[in-house]
Amino acid sequence: MDTDKLISEAESHFSQGNHAEAVAKLTSAAQSNPNDEQMSTIESLIQKIAGYVMDNRSGGSDASQDRAAGGGSSFMNTLMADSKGSSQTQLGKLALLATVMTHSSNKGSSNRGFDVGTVMSMLSGSGGGSQSMGASGLAALASQFFKSGNNSQGQGQGQGQGQGQGQGQGQGSFTALASLASSFMNSNNNNQQGQNQSSGGSSFGALASMASSFMHSNNNQNSNNSQQGYNQSYQNGNQNSQGYNNQQYQGGNGGYQQQQGQSGGAFSSLASMAQSYLGGGQTQSNQQQYNQQGQNNQQQYQQQGQNYQHQQQGQQQQQGHSSSFSALASMASSYLGNNSNSNSSYGGQQQANEYGRPQQNGQQQSNEYGRPQYGGNQNSNGQHESFNFSGNFSQQNNNGNQNRY
């Protein structure tokens, strides 16, 4: 529709007392990209409607609350401010007028009038007062108010045109605008309640939640620190145990493994164990004592290593000569074994004569001089032939006596 025609209809509605319909027509005119002259006419009509609202504010308790909140003055200051040639600012003023009218009509017939203070307090975001809105605030208000209203407004205009010109067109246009105002107020009420809860009632709850999280995190951290301390103590115990084991193993075996009798890290293991045991808190004398013990153990392990080395060398030499010596040992063993058997047989058959000389034959008989007498002649087949002898042998001693046997 033509902008001039929309402005003309708005003037007609205002003169007839249809202020809501006048606001709807001015809104359509401001959205139709008006020129400067048209914007000036729109601005003049906005101020006239604002004056009417101020003259018809709600009475009773609402009026007292409105005056206490300063809603009237802030409302008029906002609508009387210069729009500075911005159609978006004018749309913000028209949105404010539509919100006041919709809010007041929803309160019922018992309280006829416009509740300006409540709307201004709602828009300013403070429950105890209201503030004037500048050009930028009005532009933001228009953007929020009409963000989903272009289609709804077009539908309202279409419905009004379908019902016919005159009453149908005007009625349909403000219905869509009132719907936008209701949605806008509901969204602002929810936002305000959320802000009040965040800044008021739930502020301590937020602090309590933060404190609970903080204490819980500290408890976990302290528990983790305690656990880490326990693990560290256990780890230190394992390190000390490993140091002691390394001392014994490396120190004990170091001399054996080194060809020159060196300790193979025994002293370093002792020093590491001493350092773990001291923990940086013992005196230097204790450190020197551990160093002296380490040196003594080192010398001991070196001596053991040398002894073991000499022992190994002796075993190797013995094994090197084992081939020649084993032959001698075998011969000696055989010799000793044969002699042992011979002595057993020889000694078992001997009969001692009077001079103690052994007889060389088990069948030999000794004479008076102890000379062995052979029991017979040996023939070619190895048999002895004996002879019989009867008689006595006599011997004369130095005294001339003759002894007979």
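For all residues, glycine too, the Cβ spot is worked out from N, Cα and C.
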The candidate from Ser143, Ser179, Ser269 that Swiss-Prot records as phosphoserine is Ser143
Ubiquitin cross-link per Swiss-Prot, picking from Lys84, Lys107, Lys147, lands on Lys84
Set of same-chain residues at least 6 away whose C-beta sits under 8 angstroms from Ser143 (phosphoserine): Gln88
How many Å separate the Cα atoms of Lys5 (ubiquitin cross-link) and Lys84 (ubiquitin cross-link)? 23
Neighbour count check, CB within 10 A, over recorded sites Lys5, Lys84; minimum at Lys84
